[in-house]
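If you check Swiss-Prot, you get these features:
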type	residues	note
BINDING	THR231, ALA232, GLU233, GLU285, SER385	L-serine binding site
BINDING	ARG262, SER263, GLU264, GLU349, ILE350, SER351, SER352	ATP binding site
Amino acid sequence: MFDINLIRKDIATTKEKMLNKKVPSNLFDQIFDLDVLVRSLMQQEQNLNAKKNQLSKEIGILAKNKDPKLQQTLDLVNNIKNELQDISLTLSNKQDELNKLLLVIPNMPDDSVPIGNDENDNVEIKKVFKPKKFDFLPLAHWDLAVKNKLIDFDKSTKITGSRFIIYTNFGARLYRALQQFCLDMNVKAGFSEIWAPVIVNQESLIGSGNLPKFADDLFKLENSNYYLSPTAEVQLTNLHRNEILKASDLPLYYTALTPCFRSEAGSAGRDVRGVIRQHQFHKVELVKLCKPEDSFKELESMTRQAESILEALELPYRRIVLCTGDLGFSSAKTYDLEVWLPSYNAYKEISSCSNCTNFQARRAKIRYKETIDATTELVHTLNGSSLAIDRLWAAIVENYQQEDGSINIPKVLKKYIY
């Protein structure tokens with residue numbers, strides 16, 4: 001959730017920074033005015049309660065002494081109670097209104113994030129491995145999949161519909177091998193493996209920042225408070241929702257493999273062939289919880305972890321830093337890793353590593369204490385793909401194809417495929 005103290009302290013600077021993230025300035029004026037009203041109502045409520053409590057003490061004395069002012073004081077207390085009911089109702093409504101506005105405002109971008117409008121203004125940091133030059137015309141992964149019977153597109157459409165995949169034969173074994181390889185790499189790097197439910201509740205999605213703003217991107221289970229999770233970031237981030245952690249337990253590192261479900265609203269006509277954009281896909285996720293002063297260092301090491309998998313597989317990739325206009329809702333800073341796909345003659349996103357600072361922690365109430373007597377502070381949360389399995393599968397198939405259409409595989413995968 002957006003930190004309202006930023007608006008209270010310096011609304012002008014907040015407006016300027018958030019305009020770079022395409023948030024209209026008048027929204028902050030609304031929040032500022034509502035906040036002033038809410039705090040005024042809270043003060044009125046507090047004053048009236050204090051007055052009521054004082055009069056209640058006096059009533060006992062007046063009754064004991066049979067003072068003629070007793071009835072007048074009783075009437076006054078009843079009037080205060082009625083006034084308190086009205087104020088409490090108004091306060092509750094205005095607090096809800098304020099919270100709803102705060103829930104749809106994205107995280108503030110870090111000062112190190114380049115200012116820009118969209119993906120065209122993202123900044124390339126580095127490239128690793130040059131794209132392979134083939135001595136033949138390389139095939140796209142969807143053509144290689146048909147040629148080698150790695151995917152059955154027709155049956156997946158028959159069973160479910162468009163944007164779903166059935167991997168078969170060697171294609172299925174490669175898919176499984178990539179999942180295990182990514183998990184093994186993450187566990188060896190110190191991440192604790194979690195096997196989590198794929199159905200999550202509304203509170204978890206609010207905590208991660210997916211709700212209420214991105215409801216159209218989610219699959220909701222009818223007549224329930226349950227959703228199919230769009231990413232294991234949701235489950236892993238919410239492991240410690242409504243908890244106060246010990247500072248000595250931080251940082252916490254988690255990794256999980258889950259199927260992910262997205263409606264891909266607004267993606268009609270994009271990446272219609274192959275496995276790049278699906279309603280259901282598998283992803284290995286990383287999540288970190290840490291102290292605020294460590295979060296940007298943790299972002300660098302998380303991104304390096306995802307890169308190490310691409311490097312072990314010897315896949316050409318590049319790292320970019322997202323500009324303010326392309327930054328995700330919950331993120332203060334994001335690195336994208338893009339793998340080279342010959343079929344696109346371009347780099348395509350395969351990992352997104354983000355520092356969400358205290359944005360998710362505020363929504364999910366994840367805090368920590370340095371000592372028992374210390375005040376609580378919000379942790380910082382980070383998340384990253386390590387990696388998106390379907391896109392990784394496509395990258396292996398395309399970059400390791402042979403002239404006869406067969407698929408070689410990286411040496412590090414050979415022990416996983418039998």
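Yeah, the Cβs are placed from backbone N, Cα and C, and that goes for glycine too.
Its Cβ placed at the centre, SER385 (L-serine binding site) has 26 other Cβ atoms within 10 Å. Taking Cβ-Cβ distances under 8 Å and a sequence gap of 6 or more within the same chain, the neighbours of THR231 (L-serine binding site) are THR258, CYS260, LYS283, GLU285, ASN383. Each of the binding-site residues SER263, SER351, SER352 was ranked by the number of other C-beta atoms within 10 Å, and first place falls to SER351. Largest Cα to Cα distance within the recorded L-serine binders THR231, ALA232, GLU233, GLU285, SER385: about 9 Å as a whole number.
Checking the binding-site residues (GLU264, ILE350, SER351, SER352) against SER385 (L-serine binding site) with a 10 Å Cα-Cα cut-off leaves ILE350, SER351, SER352.
Those residues of the chain, other than THR231, ALA232, GLU233, GLU285, SER385, with a C-beta within 8 angstroms of the mean position of the L-serine site C-beta atoms are VAL234, LEU236, ALA256, THR258, CYS260, LYS283, VAL284, LEU286, VAL287, ASN383, GLY384.
In the three-state DSSP reading, ALA232 (L-serine binding site) counts as helix. The secondary structure of SER263 (ATP binding site), as reduced to three states from DSSP, is coil rather than helix or strand.
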